[in-house]
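These notes concern the structure reproduced below.
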Amino acid sequence: VVRRHLLQRYEHQPFISCLAGFYSCRWKRYQRRRTEPGKCCCKTVNQLKIGTDIDFCVGTAFCFSLLFLYMWGEAKNDYNNFDWYNYGNLGFWFLWSLVLLIVAAILFTYITLLLVLAMCLLAEGQQLYLHWSHKIGTFLVLGFSITALFVLSVLWGDQWKTVRLSFQITAPYLHIGAITIMVLLSWPVALHAIRADKKVVQVIIVGPYLAILLFLFLIPLGMYSPCIREMGTLGPKPALIGHRGAPMLAPENTEMSFQKTIEHHGDGLETDVTISYDGVPFLMHDSTLRRTTNIKEVYPNDTAQNAALFSWDTLKELNAGTWFLKDKPFSCMGSLSRADQNQAMNQSIYKLSNFLRLADSQNKLVIFDLYRPPEKHPYRNSWINRTLEVILNESGIRPHLVLWLENDMRSFVQSVAPGFQQTMGSKAPVEDLVMDNIVKLNLAYTEMSSEDIRKYAEANITTNLYVVNEPWLFSLAWCSGAHSVTTNAVHTLKNLSQPLFLMTPQQYNVMWILTDLTSALLISLIFAL
């Protein structure tokens, strides 16, 4: 009688009161409820069911928010493309990618704290009373995560390829993280199993947990990563080709940008070539001049006009650098020195001929996308001929430094410029590539495959991957055998002396076995206690 009387007392339990206060907004003393041996377990099962239903909603929101945060975190390599896409639709530049990352991190942190509180309350034998404000927050996190995943899958489905590639790097460490979570969950699972009076209930609680744990123990058997390899089998570091120069350090496609690439010992230069109305090839990525020049201030009525419809006399007077200091196109840009700021403010549109002379003087490879002029343009049908004329007759660049990418009139180009390195922008059978004298493939990094790279290399066809900015992605390209990468971050990747996450199979096996054995021992001790 005394024992039951004590159980019914509302004791002052600061820890439980604090947990329940944050979770349920009930800042009162809580009764500690436990099931006595031999007592009917219906009440306990009902309590467990209520707690499980609430915890399931929080757990589901946690899983979706974690999935989105991981997906968007790995998408950092392409944040500039995302912001550029939004600029094209909204008409102004903003770092939406960074905002989305911050929101995803905040929501994930919130739902993680809720889940931890719920698990702690369940471990203490308390019922879960989720406050209405937290219910709204939970559904907000769930709705935001699902909506964001759906929208990005529709508009930017290739990003899932990036996620799949990331698993080749992160899988061993995600495995350790998952095992750690299972060890932490073992305590509440063991408590609920012990408090259950019926064997069936214990099996229902412990069975799924052990099944998931066994799956996690064995999943490394199916893991593959090119960065897990024997000593001495790693190929040379991929060459670095500056994407529009060094656009994190200077305005893209300007002389300053290419000079920065050269200063940081880049191996090549990549750009985009458009032809002016009077036949002068110049460097411009966008179809209009609105984003990267001051056209809005000088010719406000012509901001939507195609860049190829302007004469060179007009183009050369535009400023191509002030936008860089104003918009800051990359979230990871460092602060520029005063000298660099002044230099950036005075950049102008760069001619192809000057670009080629710079590359030749520094012995740098060049590769460029060549844009065909719009309808009614004087050079609409002679754009390739005009470009070849500048390369061969005006620039004086040595032919072997040119990686010719344009596929139109390739046979003609080979006949007039046999020294160009013929480059293809898509995968094809090796026999076809050899027949067309292709010596290099220029592929999106999402098409990365160590098997394909090795197959092409056996036929003396090297592979360049674009655009690779993140160290983990560059490390994966290195381990996969890529010969070169096009990057916005020459200054960062140049400092890597070896791939990140590189390890031997023996080292990985030790890490895997120690993780499994240690976690199994800890879980066994928890269940034994």
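Quick reminder: no glycine exception, Cβ is built from N, Cα and C everywhere.
Now, the feature entries from TrEMBL:
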type	residues	note
DOMAIN	238-497	domain 'GP-PDE'
TRANSMEM	56-73	transmembrane segment
TRANSMEM	93-124	transmembrane segment
TRANSMEM	136-157	transmembrane segment
TRANSMEM	169-191	transmembrane segment
TRANSMEM	203-224	transmembrane segment
Restricting to the same chain and to residues at least six past its boundaries, which positions have a Cβ under 8 Å from a Cβ of the transmembrane segment (56-73)?
100-101, 104-105, 107-108, 111-112, 114-115, 118, 130, 135, 138-139, 141-142, 144-146, 148-149, 152, 159-160, 163
Quick one: mean pLDDT on the domain 'GP-PDE' (238-497)?
96
May I ask for the residues of the chain that lie six or more residues beyond the transmembrane segment (203-224) and have a Cβ under 8 Å from a Cβ within it?
168, 171-172, 175, 178-179, 182, 185-186, 189, 192-193, 196, 508, 512, 516, 520, 523
Non-local residues, at least 6 beyond the ends, that sit with Cβ under 8 Å of the transmembrane segment (169-191):
119, 122-123, 125, 205-206, 209, 212-213, 216-217, 219-220, 223, 225, 227-228, 472, 475-476, 500-501, 508, 511-512, 515-516, 519, 522-523, 526-527, 529
Within the same chain, where does the transmembrane segment (136-157) have neighbours whose Cβ lies under 8 angstroms from its own Cβ atoms, ignoring anything closer than 6 residues to its ends? I mean 6 or more beyond.
57-58, 60-61, 64-65, 67-68, 71-72, 82, 85, 100, 103-104, 107-108, 110-111, 114, 130
